[in-house]
Amino acid sequence: MFKPEPYVTRLAFTASERPEAQEARDRLARRYGDAPEDEAEVVVALGGDGFMLEVLHRHLEGGRPIYGMNFGSVGFLMNEYSEDALLERINAAEKATIHPLRMRARDIHGGEHVALAINEVSMLRQTRQTAKLRISIDGRVRLSELSCDGALVATPAGSTAYNLSAHGPIIPLDARVLALTPISAFRPRRWRGALLAHTAKVTFDVLEADKRPVSAVADNHEVRNVLSVQVAEDRHISLRMLFDAGRSLEERVLAEQFSV
């Protein structure tokens, strides 16, 4: 963690569709000014965690820092909302840098699809029948057949989201590992997943794809009827989020491991 550049003054405000978030955006824009996003030093996102992911996806190329304020339900990626001393809070904020996953999927018609995921890439069954997946790591088959509702690969930043709900491990941001987690595994029933080096390349091959169709989902981007999916961290892309002093993303991830 390190401090952002001092004396940030040019802010851009963006808000979810919730009326209260839109009203807050208007008040903040009048008070602090509202630069175009491509000219701002920091983008202030008003919404929930889902909206924060949308804004981060918008800035995958530019890497502009994002400071979120919560108008959602959970707000794990957001700061508390306050209109006062916003510039001071942003200039004193702690920065978290994360790298997304790159998903390359091939569907049953031969189509190729590429998408990025900040939280996770998920393989999900499309029908009442279980999915059957073969899982390879760095070109070596590690699980010849997994019968399940699905499986996912999560980043450290995404390890407290769907991965945690699927009983996957919470990963510290600086651990340089990825979580590979089954979703409702039926066979082998006792397999609980694996922790992988952040350099690992994960391949999912869908078995009996015509009978047991599977979707691949990178955050909120879905590709249906996939045959094969490759997932790897893309360290050429860096995303930056800002958190109030003493409430860093690392601290939130650590605290989540002791929540009951």
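Backbone N, Cα and C atoms are what each Cβ position is placed from, and that goes for glycine too.
What TrEMBL records for this protein:
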type	residues	note
BINDING	Asp49, Gly50, Asn119, Glu120, Asp149, Ala157, Thr160, Ala161, Tyr162, Asn163, Leu164, Ser165	NAD(+) binding site
ACT_SITE	Asp49	active site, proton acceptor
For the binding-site residues Asp49, Asp149, the one whose C-beta sees the most other C-beta atoms within 10 angstroms: Asp49
Neighbouring C-beta atoms (10 Å sphere around the C-beta of Tyr162 (NAD(+) binding site)): 19
Three-state secondary structure, Asp149 (NAD(+) binding site) (per DSSP): coil
Tertiary neighbours of Thr160 (NAD(+) binding site) (same chain, Cβ under 8 Å, six or more apart): Phe76, Ile170, Arg252, Val253, Glu256
Recorded NAD(+) binding residues, Asp49, Gly50, Asn119, Glu120, Asp149, Ala157, Thr160, Ala161, Tyr162, Asn163, Leu164, Ser165 - maximal Cα separation rounded to whole Å: 25
Binding-site residues compared (Asn119, Leu164) - the one with the fewest other Cβ atoms within 10 Å: Leu164
